[in-house]
Amino acid sequence: MNFLDIISSLLLFAGTFFAFSGAVGLFRFPDFFTRVHAASLTDSIAAILMIAGLLLQTSFDLNTAKLIFILVFLLITSPTASHALAKSARHGGLLLFTEKPTKQGGTNQDD
Amino acid sequence: MLEQNLAALPIILPLIAAPLAIILGRTMPIWILATLVSGCASIISLQLLDTVLTTGVISYAVGGWQAPWGIELRIDTANAFVLVAVTAISTLVLLFSKDSIVKEIDCSKHALFYTAHLLCLAGLSGILITGDAFNLFVFLEISSLATYTLVSLARDKRCLTAAFRYLVMGTIGATFILIGVGLLYMKTGTLNMLDLATRIDLYDSSRTINTGLAFIIVGVSIKLALFPLHMWLPPAYTHAPSAVTAFLASTATKVAVYVMVRFIFTIFGASYVFHSMGMETILMLFAIIAIFKCSYTAAMQKNVKSTLAYSSVAQIGYMVLGISLVNVTGLMSGLLHIFNHALMKGALFMAVGAVFYRLGSADISAFKGLGKRMPLTMAAFTLAGLSIIGVPLTVGFISKWYLVTAALEQSHWFIAAAVLGGSLLAVVYIGRILEAAYFQEPDEANVAKISEAPLSMLIPMWILVIANIYFGIDTSFTTEAAQHAAELLFQNGQVMEVKP
Amino acid sequence: MNLILDYYNYWIVVFLMMTGFYIVISANNLVKKVVGLNIFQTSVFMMYISMGKVAGGTAPIVVDDNTLYSNPLPHVLILTAIVVGVATTAVGLSLIIRIKRAYGTVEENEFEHEDDAI
Amino acid sequence: MIEWIDLILLGMLALTALRVIFLKDLFAVVMLFGIYSFLSALVFIVLDAVDVAFTEAAVGAGISTVLMLGTLALTGRTEKENTHSKLLPILVVSVTGAALIYGTLDMPPFGNPDNPIHQHVAPRYIEDSPKEVGLPNMVTSVLASYRGFDTLGETVVVFSAAIGVLALLGIRREEDNNTPESGFKEHRVLQIVAKITIPLVILFALYVQFHGDFGPGGGFQAGVIAAAAFILYGLVFGLAKSMAVISPMFLRYMAASGVLLYAGVGLFSMMQGGNFLDYNLLASDPVAGQHYGILIIELGVGITVFAVMLTIFYAFASQTERSNIQ
Amino acid sequence: MNIWQGFEPATLIALSICIPFIGAILVIATGKSPNLREASTLAIAALLFTIVLAITDLTFSGVGQRLDLIEVFPQLTISFSVEPLGVLFALVASFLWIITTIYAIGYMRGHNEKNQTRFFCCFALAISSVMAICFSDNLLTLFIFYEVLTLSTYPLVTHAGNDAAKKGGRIYLGILLGTSVAFLLFAILGTYSLTGTLDFKAGGIFDASHSKLVLSCLLVLFCYGIGKAAIMPFHRWLPAAMVAPTPVSALLHAVAVVKAGVFSILKVMIYIFGLDMLKELSTTDVMLYIGATTVLLSSCIAMTKDNLKARLAYSTVSQLSYIVVGALLATSIASAGAAMHIATHAVGKITLFFCAGAIMVASHKKNISDMVGLGRQMPITMTAFAIGAISIIGLPPMAGTWSKWYLVLGALEADKLFIVAVLMISSLLNIAYLLPIPVKAFFYPQEGQNTPWDKHDIKEAPLPMLLALTITSMGCLALFFYPQPLLDLINLIPGISTQLDGGR
């Protein structure tokens with residue numbers, strides 16, 4: 001295991017940690033908006049960390065480029081989705097919603 | 001070029017015509033295109049049947065890839081025979097539907113109707129011709145999707161729930177078939193039917209193959225509406241537009257029967273299915289129940305279309321019964337009845353369609369007094385109805401004759417008696433309608449509207465009626481083909497006839 | 001133990017299939033029926049893909065000469081089947097929309113009075 | 001390791017599926033279905049079926065879920081209490097399940113390279129297709145060439161779905177249908193992001209379309225992705241604008257022409273004296289012929305799938321808009 | 001004299017079947033003008049009779065006549081051939097068709113019936129199928145035309161179109177079609193699967209190799225399958241069908257339909273089972289006693305009926321069972337008697353029906369109790385009735401005597417004294433329910449009237465009807481004095497003879 005691998009795994013672990021904390025937040029936070037907040041923030045940071053970790057695993061070829069594209073894409077779409085969600089929730093006058101975890105899954109696919 | 005590719009044409013022609021129809025866009029040219037294509041397909045399939053009868057099985061490698069790797073189209077007598085029926089009925093129904101759908105389908109949807117019809121035809125031909133188990137599933141789905149669409153085109157809102165029920169049941173059936181084919185594939189590593197047949201023999205008693213058989217039989221039984229799984233059929237046939245019902249009743253379930261025959265005899269082999277698995281008892285039981293229960297229900301219906309729909313389920317019972325007798329004559333009677341039943345049900349539903357065209361209803365009460373006012377339509381209905389009953393000189397008699405002969409060959413005296421008893425029930429449900437038509441006075445409200453149906457409906461209807469009688473007298477064409485097909489199927493499975 | 005290792009995948013897939021099948025036949029709501037149908041079919045797809053797997057193999061895209069590849073044929077079949085599935089779903093859902101418009105309901109037990117239950 | 005991932009994913013699938021049974025909130029049910037699809041796509045990847053995973057994610061999780069949501073918007077989001085007895089379904093399901101478990105007992109073991117399916121037909125695909133067809137992606141070779149007829153059938157299935165949806169719902173082009181807007185349409189952030197992403201998505205679709213010979217992808221996936229781009233456009237900017245870009249009529253022609261393109265290749269090879277869909281005859285060199293053939297038919301597939309998916313979306317969305325007005 | 005001299009025998013058979021069929025088409029074509037229509041029917045009927053005569057001639061001269069049409073099943077063709085029993089039936093049917101046509105013209109006009117074209121058309125179709133039945137060469141052909149006959153007579157039965165007619169028609173069709181499909185077709189198929197052939201063959205097609213048990217079952221199936229023979233308990237259709245107009249009742253239920261039934265039974269007994277085989281079957285006796293019971297029971301029922309047509313209907317049921325009994329006695333003489341009875345009962349019963357119709361048209365009376373003293377109004381009709389009744393009873397000098405004579409001889413030859421007794425008792429019953437009608441008509445005064453007979457009282461039916469019933473009653477007489485041609489014909493049937501020693 002060389003140096004790059006160690007860094008990469010550290011990054012990956014950090015990424016999973018944030019993703020996991022986001023998931024916990026989704027369950028534990030009291031209302032809709034806080035949940036979206038938890039999910040979207042951790043989502044972005046987890047994506048960055050994980051992809052960075054994966055980048056270190058590649059040998060800087062086509063796959064590297066693909067990963068970077070994916071990262072860029074995620075960084076554009078994921079916050080937008082959260083934003084759209086929150087805005088339409090307010091538009092619809094919704095404050096408390098119990099089925100949020102599933103709704104999160106939905107927005108990801110809609111993009 | 002044509003000569004060599006004849007085997008593929010019955011699928012390809014309607015398949016190409018369907019998108020062309022969308023591009024044409026206007027109803028009239030589409031109708032002409034559809035009828036022409038369907039007519040060509042029926043001529044080609046006649047030619048194919050002739051070739052098959054004289055020179056033997058046609059095998060066609062699509063894409064030039066040989067059998068177990070590529071998809072093979074394989075035409076033997078059995079599918080050529082059914083193909084002739086399907087394409088011919090399709091052509092006649094198209095002729096019939098030109099006027100019929102005017103009253104039953106919104107004008108804006110006529111183009112889609114013909115397109116869906118072509119797709120359905122392509123799917124059915126594909127199911128018949130293909131020699132590949134998975135390809136069969138794909139074509140099954142083409143025809144099914146087109147069928148759901150066709151059923152739901154009617155103006156009556158009840159067609160929607162009927163179509164949905166059909167969709168759910170049909171998809172479950174197709175998925176079961178998919179599971180079954182998957183299990184077979186898992187065990188044998190091939191999808192080609194012939195290859196499957198030879199390799200299944202190596203694993204005859206394997207539990208996986210047993211399960212595969214069970215799933216395929218159940219799946220196909222849903223598609224062909226065998227008794228306890230028939231619930232989708234009556235509402236779908238009742239509420240669909242008449243032209244659609246005429247087409248489906250005489251082709252779709254028949255093709256499913258063919259699929260059952262193909263799987264049982266060609267792929268699994270009769271001795272495995274019947275000797276080792278004892279399927280014949282189950283099939284026979286359900287077939288007999290279907291004959292009695294559904295004929296009885298048919299006699300209880302207020303709507304003529306649903307009477308005939310239940311009658312279809314009962315008639316499918318006869319076909320399955322023929323298969324379950326496990327001898328050449330029985331199988332032959334099954335195949336023969338596929339063809340013959342297509343002729344009778346086609347004519348009957350066309351007649352009902354003609355009545356619907358004039359009266360906007362298919363209730364028995366609408367039939368009152370029609371004997372005088374629509375004499376030609378009702379005469380056609382009468383003759384085709386007699387054929388359903390199995391009166392001599394009609395095709396119904398011929399298939400029943402062979403079925404009973406087959407039962408007696410196997411010394412199933414009770415089965416023979418049951419078959420004949422079943423036709424008594426047919427007397428009841430057909431008789432009710434005829435009585436209303438000939439011996440009751442029409443309701444006041446209807447009197448003014450009634451006149452004979454237009455020629456464009458009468459001609460295809462009467463062609464079928466005449467075919468009913470012609471093939472009931474000169475049986476050489478149908479019986480020879482069916483006999484040959486049945487013998488071939490028994491040989492294919494490399495098993496001798498199962499003697500009691 | 002061997003038995004479990006050999007077949008655990010299939011057993012879970014069978015369980016999934018049956019869950020989907022159960023939803024289809026027991027659900028009251030037509031949309032849920034369609035969801036069930038999709039779950040049912042997707043599970044069947046998994047059965048197919050499972051059988052194509054070769055332990056230690058890779059995706060059937062040529063890398064070099066000495067690689068062990070999984071079987072491409074089930075993949076092809078399931079690609080087809082997925083598309084078939086979505087086609088059915090689309091038609092089914094359109095039917096549901098029309099049913100809602102015609103009857104005002106998409107609950108199975110609310111049709112029964114109108115002699116055309118699903 | 002792989003087994004554990006597989007097992008965990010399958011476990012999650014089981015949980016998702018079970019949850020669907022008991023949930024009454026249909027919105028959640030549909031979302032769970034989306035998750036189910038995604039999870040199964042992951043399972044497919046674990047099992048080396050990358051093409052399938054791609055398709056499942058795009059079609060199952062993407063298009064199907066969108067369509068279901070569109071339906072829910074019209075039919076209401078809760079399931080009513082089920083009055084039917086549960087006994088019969090449970091019985092049917094247990095019998096079926098028992099039969100299947102019985103069937104598994106003689107199955108070839110999972111993952112064993114000696115299984116019949118790895119011995120009989122497939123070896124030729126794996127060993128010879130790179131030479132015979134000349135493509136590194138065997139799935140594409142088999143899909144488009146060896147079993148090209150299946151794929152033609154599949155394209156026709158998609159086309160039939162369009163016919164069905166058009167027959168059932170039709171597409172209304174109401175001129176005044178931009179009156180009340182749903183939340184999305186006033187949404188500046190979304191609009192800007194959409195403007196940035198849509199070209200990228202289309203570009204990606206083209207990549208998938210033409211790179212399918214070498215990596216995962218092909219006509220289906222490309223068609224779906226391209227359709228997704230336009231669906232996004234329609235969602236964000238309104239259906240009317242979307243229809244102004246690509247009209248429903250044009251889509252019909254596209255859907256038909258895709259099928260015709262596919263079948264046309266077959267006819268052409270027939271005219272060259274070969275069998276239907278025999279690509280070897282398309283060029284003087286068989287491998288080149290295969291290549292041309294696959295390229296063209298994948299294009300046909302892509303066109304049809306794109307057009308059909310968008311048509312279906314139009315049909316559903318125009319229903320939604322109408323109900324919004326009511 | 002014989003205008004058909006130059007024709008091939010096969011052509012003659014074809015003509016005999018086609019001519020009535022053509023007649024049916026002619027009737028439809030000329031439906032607009034009643035006179036033309038009826039003239040053409042009559043002409044066709046006469047033409048048919050001459051053809052049948054020509055065929056009879058050929059039969060006597062021993063020319064084999066057959067006609068093979070299409071092969072429906074392997075080794076099973078629709079084919080026709082001439083044999084004496086068939087000729088006998090054909091003669092009776094074609095002759096009586098002429099008479100009935102004459103009668104029907106009078107009746108239909110006198111009654112102002114609706115749908116006369118349909119009536120005459122179906123009538124001709126029925127005759128066409130009867131001809132086909134007569135000459136059928138195998139069971140398949142017989143069955144086919146048996147069904148055609150049922151179907152073509154159904155519109156005749158329901159001619160009136162009212163509820164009663166519909167109900168009658170339903171019973172008619174239900175029983176006839178039901179028994180034929182459920183039993184007859186079953187029996188035919190059973191026979192086919194046992195022997196591989198359905199051809200009528202002298203001496204039968206079964207041999208010792210076939211299980212007696214199965215054959216016994218087949219016998220029962222055949223007897224009940226041929227529902228037109230009206231063996232109890234499947235006799236209900238016959239009285240039910242009496243709702244039809246009288247000419248229909250007359251021709252169809254005295255001649256065509258019921259006789260087609262017993263004719264089929266005779267054919268099956270003689271040519272499928274063979275008399276020798278028949279003797280050995282255990283169910284022959286069972287069926288024989290059921291037949292005998294039918295004879296007695298239906299005679300008893302007949303006595304209770306006041307409606308004339310109903311009484312005649314039950315009388316027919318009883319008389320049909322004579323023929324069944326004759327066939328089942330399985331002796332040569334009894335069979336001859338049965339064959340003879342086809343002819344003699346036909347003329348007798350048709351006379352009675354004609355009279356019933358005449359009474360209905362002329363005096364609108366249906367019930368026997370109203371006919372007291374009617375002899376004064378309708379002397380000719382009532383005389384004819386008396387002649388017919390005597391013939392049915394079997395008293396000399398009427399035709400019925402001969403057939404009953406041979407039947408009794410046959411019963412004696414078979415050592416079945418019980419049957420002899422039954423025949424005797426039944427004759428007594430016949431006397432009891434038939435003879436009082438003419439007696440009361442002639443010798444009892446009409447209620448409230450006691451004036452002597454005056455010529456002006458006469459109010460007979462229309463001329464065509466009178467003509468018809470006179471001819472048939474003359475026929476009853478003629479057949480008594482000159483039965484020889486019939487007997488000759490019957491003696492031509494292989495294995496059947498009117499001689500006591502079986503013709504040897």
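Using N, Cα and C of the backbone, Cβ positions are placed for all residues, glycine too.
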## Note on the structure
When TrEMBL is consulted, the range among B:212-234, B:281-303 described as transmembrane segment turns out to be B:212-234
### Query
Same chain, outside the transmembrane segment (B:307-326) by at least 6, Cβ under 8 Å from its Cβ: which residues?
224-227, 230, 233-234, 236-238, 245, 249, 253-254, 257, 260-261, 264, 270, 274, 279-281, 283-284, 286-292, 294-295, 297-299, 301, 332-335, 337-338, 341, 345, 348-349, 352, 364, 388, 399-400, 402-403, 406-407, 409-410, 412, 415, 419, 422, 425-426, 429, 432-433, 497-498
### Query
Counting Cβ pairs under 8 Å that sit 6 or more residues apart, are there three or more between the transmembrane segment (B:166-186) and the transmembrane segment (B:78-96)?
no
### Task
Count, for each of B:6-24, B:78-96, B:212-234, B:338-357, B:455-473, the Cβ pairs lying under 8 Å from the transmembrane segment (B:31-58), and report the range with the highest count.
B:78-96
### Query
the transmembrane segment (B:338-357) and the transmembrane segment (B:455-473): do they have three or more Cβ pairs under 8 Å, with pairs 6 or more apart in sequence?
yes
## Note on the structure
Ranking B:6-24, B:78-96, B:338-357, B:411-434 by Cβ pairs under 8 Å to the transmembrane segment (B:378-399) puts first B:338-357
